[in-house]
Amino acid sequence: MLLLVSRRASAIASLRLTQTLSAKLSRNMSSNNDLTATCRKLSEEYSACDVSDALLKLKVPQAGFLPDIVPIHGIPHGKGQHVVAPVSTVLFVPKSGENPQPSNIPTDKHWTDIPPPSSIVLLQQPAGMICAVLGDIMATRLKHRGVRGIVANGRIRDIASINELCADGTLSTWSKGYSTVGTGLEAKAWAVDVPVQIGGLEVRSGDILCADENERGVVVIPQDKLDELMAILPALKATDDKCVADVQAGVDVNEVFRRHR
């Protein structure tokens, strides 16, 4: 009798655990679907400049802008991509010397195996280095795994080959500079999905990155500001559109701002 009761209790506990896990999975799927829809809306309806205007209102450092990072290929007017997706960060460190924290990259993995599909990978390189932190081999691997964009706050190389990788529109690649020298000269990948500091802005994995080729700009939306940003963006854009229309009609700027701002 006791054995039967025990088995029933175990079965009930197992059922409850299954129900809890199913509910959690359902919530996660719903959350992921909502985030995908939000990223698509940002990509299709707003520019990186619109996003920065909203982040300025929300007092986000640098209005989310990552300075001096540009797309690596020429963009025909109005034909550029605007890729919006969650960030996965990769921190590079000097090849020699001690590091303040242990590496979190598994010894049996390469860093390109870790960023999730549909993310934008942000590479953080120490200032002053002349080597590249990305070449065509790494870019090919990331594209094969479904990464949507690569943004290097540092140098990249193999530009011609990477341009070919980007030609079909499934990958957008940005950098702060170029090099002919491989990473092994002076750097190594050390940590993934850790906070990185770019100027006055801290970028964390899971933040939303907007890489807008038409505006030649990269903007990061802190994850905890996304809902607020989406709430104020429509009105801000509508106001700007009215300002542009009035100026096109011959109204002077002071009067336009008086009317709409």
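The backbone N, Cα and C atoms fix where each Cβ goes, glycine too.
Listed by TrEMBL as binding substrate are G135, D136, I137, M138; the candidate from R157, R204, R216 that the record includes in that site is R157.
In the three-state DSSP assignment, the secondary structure recorded for G135 (substrate binding site) is coil. Listed in sequence order, the residues A132, L134, A139, T140, I156, D158, S161, I162, G182 complete the 8 Å Cβ shell around the substrate site centroid, once G135, D136, I137, M138, R157 themselves are left out. Here the CA atom of D158 (Mg(2+) binding site) lies 6 Å from the CA atom of D136 (substrate binding site). Ranking the binding-site residues G135, I137, M138 by Cα distance from D158 (Mg(2+) binding site) puts G135 first.
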